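As recorded in TrEMBL:
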type	residues	note
TRANSMEM	106-125	transmembrane segment
TRANSMEM	132-152	transmembrane segment
TRANSMEM	158-181	transmembrane segment
TRANSMEM	193-220	transmembrane segment
TRANSMEM	240-257	transmembrane segment
TRANSMEM	269-290	transmembrane segment
TRANSMEM	321-343	transmembrane segment
TRANSMEM	397-418	transmembrane segment
TRANSMEM	424-447	transmembrane segment
TRANSMEM	454-482	transmembrane segment
DOMAIN	510-633	domain 'STAS'
Amino acid sequence: MEENRVIDITRSSFEVHKVVSPPHRSTLLKLKNRLKETFFPDDPLRQFKGQTIKKKLILGAQYFFPILEWCPNYRFHMFKSDIISGLTIASLAIPQGISYAKLANLPPIIGLYSSFVPPLVYAVLGSSRDLAVGPVSIASLVLGSMLSEVVSPTKDPLLFLQLAFSSTFFAGLFQASLGFLRLGFIIDFLSKATLIGFMAGAAIIVSLQQLKGLLGIINFTKQMAIIPVLSSVFHTINEWSWQTILMGFCFLVFLLLTRHIGMRKPKLFWVSAGAPLLSVTISTLIVIAIKGQNHGISIIGKLQEGLNPPSWNMLHFSGSYLGLVIKTGIVTGILSLTEGIAVGRTFAALKNYQVDGNKEMIAIGLMNIVGSSTSCYVTTGSFSRSAVNHNAGSKTAVSNIVMAVTVMVTLLFLMPLFQYTPNVVLGAIIVTAVIGLIDIPAAFQIWKIDKFDFLVLLCAFFGVIFVSVQDGLAIAIGISILKVLMQITRPKTVMLGNIPGTGIYRDVDHYKEALGVAGFLILSVEAPINFANVTYLKERISRWIQDYEEEGAKKQPGLRVVVLDLSPVSAIDTSGISLFKDLSMALEKKGLEFVLVNPIGEVMEKLQRADETKDLMRPDVLFLTVEEAVASLSSTVKYQIPEHV
């Protein structure tokens with residue numbers, strides 16, 4: 001308390017309102033309400049109220065299979081828009097599917113398989129009209145890096161493939177379980193700062209990994225950290241191929257230019273959408289014409305024709321690798337789920353419709369479970385393909401079906417055309433795709449708003465590029481949880497003062513015109529009170545009292561009343577109740593009064609149950625507002641002081 005800024009409040013007549021007890025509710029009813037708010041905040045059953053049995057069955061079927069909701073109203077003009085959108089995203093999905101499979105250390109054909117079956121499943125179960133599903137860079141990178149730390153994709157490709165399918169199964173199982181159990185709040189631990197830092201770091205690592213293809217290097221490190229990657233690049237200069245570098249540079253510039261055009265002018269979305277397939281086509285023709293494979297240009301090679309073969313017999317549900325595939329599945333499942341739901345909600349907001357997060361979890365989860373049995377790896381909603389789908393004018397999930405059919409035709413009849421596709425172009429496609437993951441404006445905004453969040457962002461970023469992808473993510477999540485724990489264990493407490501001429505009391509540090517009241521220490525706790533923070537609160541309140549008394553000994557009246565405003569306290573436990581009792585006893589020994597202001601329903605109810613001696617619930621201890629407490633008790637403070645000093 002730096003200066004003696006106090007007022008003396010005395011009122012001859014002032015009505016004091018009684019603090020009303022909350023209505024009685026049984027334990028079962030309170031448990032029911034708590035569970036409802038935790039797991040069913042959107043009240044999904046409200047649409048069934050007052051409906052006939054037949055209508056309820058129809059609504060239930062539409063809830064689990066959203067295709068039944070929009071399909072009866074489907075019209076030909078919508079189909080024309082969906083065909084254009086589906087063909088457009090297919091032109092992007094085919095080269096990206098091949099590229100992302102290589103990023104995951106999987107055969108390129110797996111990327112096309114993953115762009116065929118999952119979109120069909122999502123079209124039936126998904127609730128987004130714009131989400132275009134398939135492999136994505138982040139999930140591909142994480143899956144490939146986590147599995148390759150234990151199993152080599154080159155020395156034991158069959159086992160690696162089996163582990164990839166098994167990880168996909170557990171990713172889908174985890175995702176679908178979150179949806180069925182309505183536990184989607186778990187993915188909220190991936191804060192915006194964590195995701196921005198993680199994706200920026202992953203984008204850099206992914207780009208650096210593509211130097212193998214862009215430079216024509218044969219022997220390249222499998223590690224994902226920046227130092228081993230750069231070390232590998234400069235220790236293999238003798239393997240660099242000028243033909244590969246020239247081709248890679250030209251197509252990378254072309255792809256970046258078309259991406260820039262697409263971003264600056266959304267109506268020209270088809271320029272950036274068609275650029276990857278055009279690059280693949282042109283580069284393949286060049287390689288065929290000059291026989292590039294004989295001049296140091298690495299090509300994909302022969303790809304298997306035909307539709308997805310079954311892979312349920314390749315899933316691992318036991319053995320020494322079970323822990324690895326479960327861990328990989330959970331990590332990739334969380335990342336892909338977060339990306340898919342975020343993308344779906346983004347475009348739903350643009351078109352003013354709702355996307356049910358729990359339905360999306362179930363749809364994406366079942367999509368991956370089915371995919372793991374049909375030679376697919378982890379898939380989700382892709383931001384780049386969804387943006388193209390949206391800009392192309394998609395009306396429904398039929399665009400996913402059109403894309404899947406196009407990929408099917410490619411798998412059946414066009415695979416020989418990709419045999420001579422150079423790997424350098426696939427690397428250029430990946431680099432172009434992941435550059436968009438580096439969001440510098442968002443990082444700058446986080447720096448302006450919350451420095452601690454920016455620290456989380458940096459930890460995720462540097463953890464990914466210097467340690468590993470999964471460790472960087474784990475570090476960022478750990479720091480985010482630490483931040484939450486700090487907010488819980490060190491809640492904010494403020495001293496309130498009166499705004500002159502009003503009955504309003506506000507933080508004296510925030511409102512400079514707010515004045516302290518003579519003889520009163522008015523405090524507010526701006527957080528729930530529980531076992532994790534009662535010790536801190538007891539010490540902090542004691543320090544407030546000591547500071548006030550020290551100032552009072554010098555130049556202002558002594559303390560007589562401690563007022564604790566409980567309006568911001570949303571919850572309390574038994575340890576919190578004990579805190580009030582201990583404070584009341586300690587202050588009573590000092591000859592000070594201790595009063596509580598406006599405890600809300602749950603806090604009030606627990607105070608009533610715990611206050612057997614009725615010390616905390618007396619009318620002269622419990623007040624509705626700070627104004628009433630000060631007005632009622634000011635007559636007991638026997639000091640004559642100037643109104644303003």
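Backbone N, Cα and C atoms are what each Cβ position is placed from, and that goes for glycine too.
Automatic, uncurated: that is what TrEMBL annotation is.
Panel annotation: around the transmembrane segment (240-257), residues 213-217, 275-276, 279, 283, 286, 292, 295-298, 422, 424-425, 427-429, 431-432, 435 of the same chain, lying at least six beyond its termini, place a Cβ under 8 Å from a Cβ of the stretch. Under DSSP, residues within the domain 'STAS' (510-633) fall into helix, strand and coil as 56 helix, 23 strand, 45 coil. Across the candidate stretches 106-125, 158-181, 269-290, 454-482, the maximum count of CB pairs under 8 A to the transmembrane segment (193-220) is reached by 454-482.
Across 106-125, 321-343, 397-418, 424-447, 454-482, stretch 321-343 shows the highest tally of CB pairs under 8 A with the transmembrane segment (132-152). A contact between the transmembrane segment (269-290) and the transmembrane segment (424-447) is present, since 3 or more of their C-beta pairs, 6 or more residues apart, lie under 8 Å. Same-chain residues lying 6 or more positions outside the transmembrane segment (321-343) and placing a CB less than 8 Å from one of its CB atoms are 131, 133, 136, 138-139, 142-143, 146-147, 150-151, 159, 163, 166-175, 178, 184, 186-187, 190, 195, 355, 357, 360-361, 364-365, 368, 378-383, 386, 470, 473. Mean pLDDT for the domain 'STAS' (510-633) in the predicted structure: 86. Most Cβ pairs within less than 8 Å of the transmembrane segment (397-418), among stretches 106-125, 158-181, 424-447, 454-482, belong to 106-125.
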